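Annotated features, as they stand in TrEMBL:
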REPEAT    1-32  repeat 'NHL'
REPEAT    36-79  repeat 'NHL'
REPEAT    236-267  repeat 'NHL'
Amino acid sequence: LVNPTGVAACPGSGRLAVAHDGKKRIHVFGPSGFCLRRFGERGDASNDIKYPLDVTVTSDGHVVVTDGGDCSVKAFNFEGRGVLAVREGFCLPWGLDATLKSEVIMTDSEAGALYRLAADFQKGELKKCQMIRSQLVSPRAVAVCQTSGAVVVIEHLKARGLSKGSTRVTIFSAAMDLIGQMDSFGLNLVFPSRIYATAVAFDKEGRVIVTDVCSQAVICLGKPEEFPIFNPLISHGLSYPVGLTYTANNSLVVLDSGDHSVKVYSS
């Protein structure tokens, strides 16, 4: 893997899709770690991917990728054939996650917006592209809770002066009402160290899980109604965690850009 940017579990199959900067941008791995398929050539053709920023897999088995290179969202079947490319005036589509209904929730980092995309991937038809939230600050990673429909977003706040800036974890209900919000400064008041979150996921119980590149850790922040608590899940063996997902058997998958690897942890 070359500078991997996104990882997604394929519902029910134990397979993983990984987006990275190699010659073929999407790799699909089996449960044993063997690479089953590579697709998404670097290039300008409709099936090509210029620069993948994130990946998700819908419940009907389609791989959906945000392409920062041409500001589009592209969907592929599992054979790697492009079935749909969406360019709805996006500024910089970044993070995405699939709902149980095979809809896709996507962040547009530059527009500060959150979109819901609905499509018939079999026919290659876009049904709906709806902005569901605006006035976010550089939203990137996003996750959808498969039980409650809640949505969590990582925003990247602008730096003042020479500092690196900070991140903010923002949680919305399924109806897109604000439930909870905490930035690096606020989390630092609760937790022992500064958190700079890069990826987010919900576990099977609906708890918010984030990767933190400052402490090279994976941290549980609790359920939306108890947010935030502080429970480190993984505190050793990571160098620069940038992706996070749970498999059907509840294994936690961490994408580590520091050593270009996928790391799987039992529940």
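Note that Cβ sites are derived from N, Cα and C of the backbone, with glycine treated the same way.
Curation plays no part in TrEMBL annotations; they are all automatic predictions.
Note that the coordinates shown come from a computational prediction; the quantities given were computed from them, not determined experimentally.
Looking only at the repeat 'NHL' (1-32), the predicted model's pLDDT averages out at 92. Secondary structure of the repeat 'NHL' (236-267), assigned with DSSP and counted as helix (H, G, I), strand (E, B) and coil, comes to 0 helix, 16 strand, 16 coil. According to DSSP, the repeat 'NHL' (36-79) comprises 0 helix, 22 strand, 22 coil.
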